[in-house]
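These features come from Swiss-Prot:
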type     : residues  : note
TRANSMEM : 33-53     : transmembrane segment
TRANSMEM : 77-98     : transmembrane segment
BINDING  : H83, H182 : heme b b562 binding site
BINDING  : H97, H196 : heme b b566 binding site
TRANSMEM : 113-133   : transmembrane segment
TRANSMEM : 178-198   : transmembrane segment
BINDING  : H201      : ubiquinone binding site
TRANSMEM : 226-246   : transmembrane segment
TRANSMEM : 288-308   : transmembrane segment
TRANSMEM : 320-340   : transmembrane segment
TRANSMEM : 347-367   : transmembrane segment
Amino acid sequence: MTNIRKTHPLLKIVNDSLVDLPVPSSVSSWWNFGSLLAACLAVQILTGLFLAMHYTSDTATAFNSVTHICRDVNYGWILRYLHANGASMFFICLYIHVGRGLYYGSYMYSETWNIGILLLFAVMATAFMGYVLPWGQMSFWGATVITNLLSAIPYIGTDLVQWIWGGFSVDKATLTRFFAFHFLLPFIIAALVVVHLLFLHETGSSNPTGIPSDPDMVPFHPYHTIKDILGILMMLTALSMLVLFSPDLLGDPDNYIPANPLNTPPHIKPEWYFLFAYAILRSIPNKLGGVLALVLSILILAVIPLLHTSKQRSMMFRPLSQCMFWLLVADLLTLTWIGGQPVEHPYIIIGQMASILYFTIILLLMPLASMMENHLLKW
């Protein structure tokens, strides 16, 4: 008799995605981050749901409601810090996941890659709106500065900003709508994840060698289920240590001061995971130019499949391209550091050089390195 998981209409979908799915036998631990992201999303939705039960999205009470969650609600403090630091874990996994896609040429599956870029934008939007909700100083001023960037759009900019604010400044209407969108977006992200997986399972997973692996596959269960569970346990251990030992390590102390429109913090900066984009934004002295560079710093991922000039898919056997990739990683770390520094010499010039280098590596140096490798291999 055929097993029910192979015949039942619903279980069959789960079976084809998580049990009998053929996976290349050579995939390494870098392929674990997809499942880690799913675990992060689950943690964020669960903790967020319980936080939303006690949070009030009103400028008069938002800050106090977060304080109330931490002080008076049973295990409220752990929910709040799991949610805040869970976002950091989410972005660590997200950036590694994108990096793995770049390194091993996973972007050649263009539909999966493009849905992934859409997911990246959605997660960034969700994280930004979530940062506004505690209504501390950095929440208020971060919201003011970042939404104000839209005023750089010619002709409709000012009207667009006031439409988003729901008034002439960031106020009650802004906070209420940000809470509504922050609650809604994770479910849209979950739906996009299903589409992402749908496209992935159309082609099958890539592998470190970058060559077709049809003759050499293993079933997803038990090999990769065990591997994924180990990865999830390691990530949850790291998250627990962060939450229990230094919950405010990645936060900003200014956010423990209630929002005050009359008092500007000395250094307005976003959470650490946006600092690289913030540094690119600040490195251009023109407002519209900065906004364009900010958007393009992420949107540039969409042109990477078009810039693939190598005859090989993966970077595993391409030392020149590997050098370019790790130079890009170092450059992004430099930008992250610069984004957290004040706007003064020498940080300004370092930021400008790192920003130019970021676009140069992706648009020029990586395709050139690939062409050189083709030539060296006489292809």
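Yeah, the Cβs are placed from backbone N, Cα and C, and that goes for glycine too.
Remember, predicted model here, so these are calculated numbers, not experimental data.
Cα spacing between H83 (heme b b562 binding site) and H97 (heme b b566 binding site): 21 Å, rounded to the nearest whole number. All chains included, 14 other C-beta atoms sit within 10 angstroms of the C-beta of the residue listed as 'ubiquinone binding site'. A gap of 23 Å separates the Cα atoms of H182 (heme b b562 binding site) and H97 (heme b b566 binding site).
Just so you know, the Cβ of H83 (heme b b562 binding site) picks up 21 other Cβ atoms within 10 Å once every protein chain is counted. Contact between the transmembrane segment (113-133) and the transmembrane segment (320-340) is absent: fewer than three CB pairs lie under 8 Å, with pairs separated by 6 or more positions in sequence. Comparing H201 (ubiquinone binding site) with H97 (heme b b566 binding site), their Cα atoms are 17 Å apart once rounded. Within 10 Å of the Cβ of H196 (heme b b566 binding site) there are 21 other Cβ atoms, across all protein chains. Beyond its flanks by at least six residues, the transmembrane segment (33-53) meets 69, 79-80, 82-83, 86-87, 89-90, 93-94, 96-97, 100, 182-183, 186-187, 189-190, 193, 228, 231-232, 235-236, 239 of its own chain at Cβ-Cβ distances under 8 Å.
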